[in-house]
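See below for the structure under consideration.
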Amino acid sequence: MSSKPKILLIYTGGTIGMSKDFETGALKAFNFGKLLQKIPEIKQLDCEIETVSFETPIDSSNMNPEEWTKIATIIEENYAAYDGFVVLHGSDTMSYSASALSFMLENLAKPVVFTGSQLPIGDLRTDAKENLITAIQIASLQENGRPVINEVCLYFEYKLYRGNRTSKVNAEHFKAFTAPNYPELVESGVHLKLNTHLFLPVNTEGKLIVHKNLDSHVAIIKMFPGMSEVVLASILAIKDLKGIVLETYGSGNAPTEDWFLNLIEKAIQSGLHIVNVTQCSGGSVNMGQYETSTALKSLGVISGKDITTEAAITKLMYLLGQNIPQSEFKTIFETALRGEISL
Ligand code: ASP
């Protein structure tokens with residue numbers, strides 16, 4: 001029997017496996033079998049690789065909780081048989097998917113590495129080969145017969161990040177992602193530099209629990225100077241809305257005008273969960289630091305601290321699907337469940 005690590009490559013779609021439609025010139029997803037033919041090098045890797053593909057690969061703009069559940073189910077069904085998982089995914093919504101999967105996979109004790117590329121694998125100047133090959137290498141890292149990494153990560157352009165700490169920040173550069181509030185877990189240079197002190201500790205006792213109940217009755221509201229009462233009131237009045245990520249200014253600041261605070265107060269009293277997340281790409285919400293956030297704090301707005309919007313919205317969907325008592329929701333949201341928040 002081979003003792004090489006076994007890796008399952010899960011192809012969901014994205015540029016990495018796309019080709020040009022000759023009529024329109026637009027990129028569209030194509031057959032996964034062809035994708036692997038384009039990188040015969042992966043056979044040289046010191047691991048066993050098997051592949052599974054979405055029946056219909058998608059551009060990641062079409063990702064949603066149903067598709068996340070498909071990815072989670074593939075991992076669940078193959079969990080015992082593999083040492084690690086590499087998910088090939090479009091870069092556009094990869095940070096949302098990596099965040100969602102981090103919450104859906106509780107007690108994960110194996111690596112799940114998301115990767116993709118800015119250029120299709122068949123393109124001469126493609127970034128796909130390096131991303132794919134190194135993602136597989138990282139997913140197969142082992143020590144004393146067990147995986148070194150035990151969390152949902154994202155590998156892109158020489159860096160492995162904690163998935164729920166990332167955002168896509170560039171549609172042009174190969175370096176398309178950052179994790180502004182958490183250093184990279186692995187840097188790929190001549191050698192792989194593992195920052196092991198930053199890895200999530202493994203829980204080998206607990207069994208993998210896969211949470212598939214995500215509640216999409218949520219919205220993101222980005223504040224801007226001049227936002228009118230009618231706009232905010234209309235959003236807050238949406239029937240069955242249960243949670244909102246409110247993107248505020250700086251360290252969590254928002255207008256102090258009466259109409260604004262009254263709307264927020266009424267919404268929270270009616271049971272809506274409002275999470276304060278900063279519009280800044282780095283740094284943390286700190287309600288109470290300025291007068292412009294003190295009222296939000298006293299009204300019971302949840303502090304997203306240094307969470308990304310991607311992780312905040314998916315954490316809301318996950319927690320809303322858990323039937324958590326109203327009185328505990330805020331405390332649980334403000335707790336780091338998968339390393340998504342600095343405490
Ligand atoms: N539109 C593509 C997607 O997200 C872009 C990419 O793969 O990088 O599926």
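Backbone N, Cα and C atoms are what each Cβ position is placed from, and that goes for glycine too.
Annotation comment: TrEMBL describes Thr15 as active site, O-isoaspartyl threonine intermediate. The C-beta environment of Thr15 (active site, O-isoaspartyl threonine intermediate), restricted to residues of the same chain at least 6 apart in sequence and closer than 8 Å, consists of Leu27, Gly90, Ser91, Gly116, Ser117, Gln118, Leu119, Pro120, Ala128.
The feature active site is assigned by TrEMBL to Thr15.
The domain 'L-asparaginase N-terminal' annotation in TrEMBL covers 6-196.
Among the features that TrEMBL reports, domain 'Asparaginase/glutaminase C-terminal' is placed at 217-333. Confidence for the domain 'Asparaginase/glutaminase C-terminal' (217-333), expressed as mean pLDDT, is 97.
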